[in-house]
Amino acid sequence: MQTPHDPKIIVALDFPSQDPALALVDQLDPKKCRLKVGKELFTRSGPQLVEALQGRGFEVFLDLKFHDIPNTTSAAVAAAADLGVWMVNVHASGGEKMMTACRERLEPFGKDKPLLIAVTVLTSMTAEDLAGIGIPNSPEAQVSRLATLTRNCGLDGVVCSAQEAPRLKKEQGAEFQLITPGIRPLTADKGDQQRIMTPTDALNAGSDYLVIGRPITQAPDPLAALEAIHAEVISV
Ligand SMILES: O=c1ccn([C@@H]2O[C@H](COP(=O)(O)O)[C@@H](O)[C@H]2O)c(=O)[nH]1
């Protein structure tokens, strides 16, 4: 059962500008969801929007998936920490030195440091896509490998598909956080997502947080869509 102050739903604010994002946010309750700001919205509206969301009482996952040399990436996660975000992420394929540099750079923030998460294999990717970039592993095996690297570097968890959650909880332990996009209620369009799961199945599989965008933001009534998902998952 969820605690009232640890909402499991993270609404992906994939909007082209601040106005439609805030129009939705102003209908939402920070006790029921967190918010994710990704590349499109952040590139348009920047830190000021993140501060506006935090000022409305929401915890923000800054989903910029940093992937660069250790010096650059660790400076970027420190900038995210200065913004006061709840969670920030990097690509695990940036490797051990990069992830370790990021974790170390956040240490001076103490209890105010954001959760540091690494993206494993994007939920839009299949085994064929991995083969296309020279990785012969199945998505599950590649996720598992990158999750082990991530945990060994001392990060808090990974972004993965809920399909990989049972294996990861077994291999990495209960405390290692699993953030899962690719969430699709039964009636929702799959879109470009490949490794998907319903909200209830994802929580039952071991997901700690569900990242949900279009099934809410593109719904005819986004608030009703969120409420329906919230009602579905609150008792899991
Ligand atoms: O592997 C990943 C990593 C990040 N995402 C992000 O999550 C949301 C999902 O949105 P939907 O509209 O529910 O598909 C989106 O912002 C992605 O950038 C992901 O999908 N997969």
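These residue numbers are counts, starting from 1, taken along the chain as shown.
Using N, Cα and C of the backbone, Cβ positions are placed for all residues, glycine too.
As recorded in TrEMBL, the features of this protein are as follows:
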ACT_SITE  Asp63  active site, for OMPdecase activity
ACT_SITE  Lys65  active site, for OMPdecase activity
ACT_SITE  Lys65  active site, proton donor
ACT_SITE  Asp68  active site, for OMPdecase activity
BINDING   Asp14, Lys36, 63-72, Thr123, Arg184, Gln193, 213-214  substrate binding site
DOMAIN    8-229  domain 'Orotidine 5'-phosphate decarboxylase'
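For ligand 1, the nearby binding-site residues are Asp14, Thr123, Gly213; that is, of Asp14, Leu64, Thr123, Gly213, these have a C-beta under 6 Å from one of its atoms. A gap of 13 Å separates the Cα atoms of Gly213 (substrate binding site) and Asp63 (active site, for OMPdecase activity).
For the recorded positions given as Asp14, Asp63, Asp68, the lowest number of other CB atoms within 10 Å of the residue's CB is seen at Asp68.
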